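Student: Attaching a single structure in structure tokens format; questions to follow.
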Amino acid sequence: AMTDVLSAEDIKKAVGAFSAAESFNYKKFFEMVGLKKKSPEDVKKVFHILDKDRSGFIEEEELKFVLKGFTPDGRDLSDKETKALLAAGDKDGDGKIGADEFATMVAES
């Protein structure tokens with residue numbers, strides 16, 4: 001579970017901070033949720049939790065539910081937010097985010 005890696009309180013605060021539509025900012029979110037200061041192993045654990053279909057990638061349809069991955073009451077991202085998040089993370093242009101790309105996004109935040 002996400003709470004094995006991150007504090008439930010931090011998750012609640014971070015998800016709550018972006019409850020308004022079109023407000024999602026992944027850099028601020030990863031920082032607030034405490035992911036930025038976690039070890040590479042922990043960042044990888046979070047990646048695997050978000051990779052719902054265990055494909056080794058977070059696809060666009062999984063990104064839409066990224067906040068739900070942190071907590072069940074997180075909102076769905078809008079199409080615009082989802083596409084912006086994908087564009088920010090998908091460095092090699094394959095239309096999805098791999099574990100290394102995810103780690104880079106966290107490091108950049």
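Using the three backbone atoms N, Cα and C, a Cβ is placed for every residue, glycine included.
Quick paste from Swiss-Prot:
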{"type": "MOD_RES", "residues": "ALA1", "note": "N-acetylalanine"}
{"type": "DOMAIN", "residues": "38-73", "note": "domain 'EF-hand 1'"}
{"type": "BINDING", "residues": "ASP51, ASP53, SER55, GLU62", "note": "Ca(2+) 1 binding site"}
{"type": "DOMAIN", "residues": "77-109", "note": "domain 'EF-hand 2'"}
{"type": "BINDING", "residues": "ASP90, ASP92, ASP94, LYS96, GLU101", "note": "Ca(2+) 2 binding site"}
Student: Where does LYS96 (Ca(2+) 2 binding site) sit in the DSSP three-state scheme?
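Tutor: Note: LYS96 (Ca(2+) 2 binding site) is in a strand by DSSP.
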Student: Can you tell which of ASP53, GLU62 has the least company, meaning the fewest other C-beta atoms within 10 angstroms of its C-beta, among these binding-site residues?
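Tutor: Looking at the binding-site residues ASP53, GLU62, the Cβ with the fewest others within 10 Å is that of ASP53.
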Student: From the binding-site residues ASP90, ASP92, LYS96, GLU101, pick the residue whose C-alpha lies nearest to the C-alpha of ASP51 (Ca(2+) 1 binding site).
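Tutor: Checking each of ASP90, ASP92, LYS96, GLU101 against ASP51 (Ca(2+) 1 binding site), the shortest Cα distance is to LYS96.
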Student: Counting only residues 6 or more past its boundaries, what in the same chain has a CB within less than 8 Å of a CB in the domain 'EF-hand 1' (38-73)?
Tutor: 1-2, 4-6, 11-12, 14-15, 18, 24, 79, 82-83, 85-86, 89, 95-99, 102-103, 106
Student: Who sits close to ASP92 (Ca(2+) 2 binding site): which same-chain residues at least 6 apart have their Cβ under 8 Å from its Cβ?
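Tutor: Result: GLY98, GLU101.
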Student: Please list, in sequence order, every residue of the chain apart from ASP90, ASP92, ASP94, LYS96, GLU101 whose Cβ lies within 8 Å of the Cβ centroid of the Ca(2+) 2 site.
Tutor: PHE57, GLY89, LYS91, GLY93, GLY95, ILE97, GLY98
Student: Give me the sequence-ordered set of same-chain residues, not including ASP51, ASP53, SER55, GLU62, with a C-beta within 8 angstroms of the centroid of the Ca(2+) 1 site's C-beta atoms.
Tutor: LEU50, LYS52, ARG54, GLY56, PHE57, ILE58, GLU59
Student: Mean pLDDT over the domain 'EF-hand 1' (38-73): what is the value?
Tutor: 97
Student: May I ask for the distance between ASP90 (Ca(2+) 2 binding site) and the residue listed as 'N-acetylalanine', taken between their Cα atoms and rounded to an integer number of Å?
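Tutor: Spelling it out, the Cα of ASP90 (Ca(2+) 2 binding site) and the Cα of the residue listed as 'N-acetylalanine' are 25 Å apart.
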Student: Given the recorded positions ALA1, ASP94, LYS96, which one's Cα is the least distant from that of SER55 (Ca(2+) 1 binding site)?
Tutor: LYS96
Student: As a quick check of your reading of DSSP, tell me how many residues in the domain 'EF-hand 1' (38-73) are helical, how many are strand and how many are coil.
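Tutor: Computed counts for the domain 'EF-hand 1' (38-73) are 20 helix, 3 strand, 13 coil.
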Student: Could you tally the C-beta atoms, other than its own, that fall within 10 angstroms of the C-beta of ASP51 (Ca(2+) 1 binding site)?
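Tutor: Its Cβ has 20 other Cβ atoms within 10 Å.
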